[in-house]
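Sending over a structure as structure tokens; questions will come in a sec.
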Amino acid sequence: MKMTQTVKKVVVAYSGGLDTSVILPWLQENYDNCEIVAFVADVGQGAEELEGIEAKALASGASECYVVDLKDELVENYIYPTLKTGAVYEGTYLLGTSMARPIIAKAQVEIARKVGADALCHGCTGKGNDQIRFESCFAALAPELTVIAPWRIWDLTSRESLLEYLAERDIPTAASATKIYSRDANAWHISHEGGELEDPWNQPSKQVWTMTVDPIDAPNEPEFLTISVVKGEITAVNGEAMSPYNTLMYLNEKAAAHGVGRVDIVENRLVGMKSRGCYETPGGTVMVEALRGIEELVLDKTTRKWKQTVAAEFSHLVYDGRWFTPLCASLLAAAGTLAEEMNGEVIVKMYKGSVQAIQKKSPNSLYSEEFATFGDDNVYDQSHAEGFIRLYSLSSRIKALASK
């Protein structure tokens, strides 16, 4: 299937997994005289995933392989800003895969410019969200570059056909037909899809989960952490200041040991279909709960309602791959303004799969025990409520009278 399109040099987003292992030789065979450069994004997927990846890329057809450490930038410039908005997609998904795509696309474009490439290539399938996320970022950052999406071109249609393709060319791979789950990992989370999970009536087996302890097997005693928050950002745990990345790693370790952060959801993909995924986001779940605790104290009713609107809009923006847009900048600016008052400390309790903000305080707290008390009250005249209620319910009263 020789391509008629002329491409001189292409940068491939390379993971070393089955799909991208096939893409390198496929490009070599189907694009004449095209130099292939592999780009590997280290977003915290783990040392095991990266071990030997440069040698593997070169052996599979790449002329060069760039491994770029993006872990700190991912947490500081993508995860922390998203946390500040409060974004949670469809009320459950903490956007682990979605947040990583724009930084990977951005770094891929930077490598392309560095090596003088005229094309970009990704290994996303034609059924998923990631093809849209990557290509939307490419369009915003490098509209002049050609984009190659092999899954929308080639005649390889299954995992088995990819394995056969590599076997015919004596290209080694750790993948096998029995490794049935599709997984995506970074510093924030790991996702699991495929296999028996494709039937939502099937309960996830124990082998699905890889990052967190089964809540049943978690410690029988709870663990407590004190989370410090400054302007909507977590700055310290138990009084120890850490970088955003190190904070996340610490909370991942602590929360995973208690089985915190597991979700099993059916989500609406951008391409129109529903998909089922199991996600593990231990540290992130603790962070979201801690920030929610501060938010409850410091934002008044109408401001919090607006914050929830920002959160919902931003969750769809990130999920849909629209990071490099004016809307993203606007929503981040709004979240930054709202976060000015989000300062304080929260004590969270982790126990057998759950995390709760059980104590909270803030110098900007709007909570007044004097006004809220059910005991003796000298600051609030309860008789004042009568006039408010009559005005508040006036439209209902008028409608009822008019219908008589």
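Every residue gets a Cβ built from N, Cα and C, even glycine.
As listed in Swiss-Prot for this protein:
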type	residues	note
BINDING	Ala13, Tyr14, Ser15, Gly16, Gly17, Leu18, Asp19, Thr20, Ser21, Ala41, Gly123	ATP binding site
BINDING	Tyr93, Ser98, Asn129, Arg133, Ser182, Ser191, Glu267, Tyr279	L-citrulline binding site
BINDING	Thr125, Asn129, Asp130	L-aspartate binding site
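Describe the structural context of these features.
Long-range Cβ neighbours of Ser15 (ATP binding site) (same chain, at least 6 residues apart, Cβ-Cβ under 8 Å): Val40, Glu49, Gly123.
Under DSSP, Tyr93 (L-citrulline binding site) is assigned to a strand (E or B) in the three-state scheme.
Taking Cβ-Cβ distances under 8 Å and a sequence gap of 6 or more within the same chain, the neighbours of Asp130 (L-aspartate binding site) are Thr97, Arg101, His122, Cys124.
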Fewest other CB within 10 angstroms, which one of the binding-site residues Gly17, Gly123?
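Ranked by other Cβ atoms within 10 Å, the binding-site residues Gly17, Gly123 bottom out at Gly17.
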For Glu267 (L-citrulline binding site), which of the binding-site residues Ala13, Gly17, Asp19, Ser21, Thr125 has the nearest Cα in space?
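Ranked by Cα distance from Glu267 (L-citrulline binding site), first place goes to Thr125.
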ATP site residues Ala13, Tyr14, Ser15, Gly16, Gly17, Leu18, Asp19, Thr20, Ser21, Ala41, Gly123: biggest Cα-Cα distance, Å?
16
Please identify which of Ser98, Thr125 has the densest Cβ environment, defined as other Cβ atoms within 10 Å, among these binding-site residues.
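Comparing the binding-site residues Ser98, Thr125, the most crowded Cβ belongs to Ser98.
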Within a 10 Å radius of its Cβ, which of these binding-site residues (Tyr93, Tyr279) has the fewest neighbouring Cβ atoms?
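Selected from the binding-site residues Tyr93, Tyr279 on minimum Cβ neighbours within 10 Å: Tyr93.
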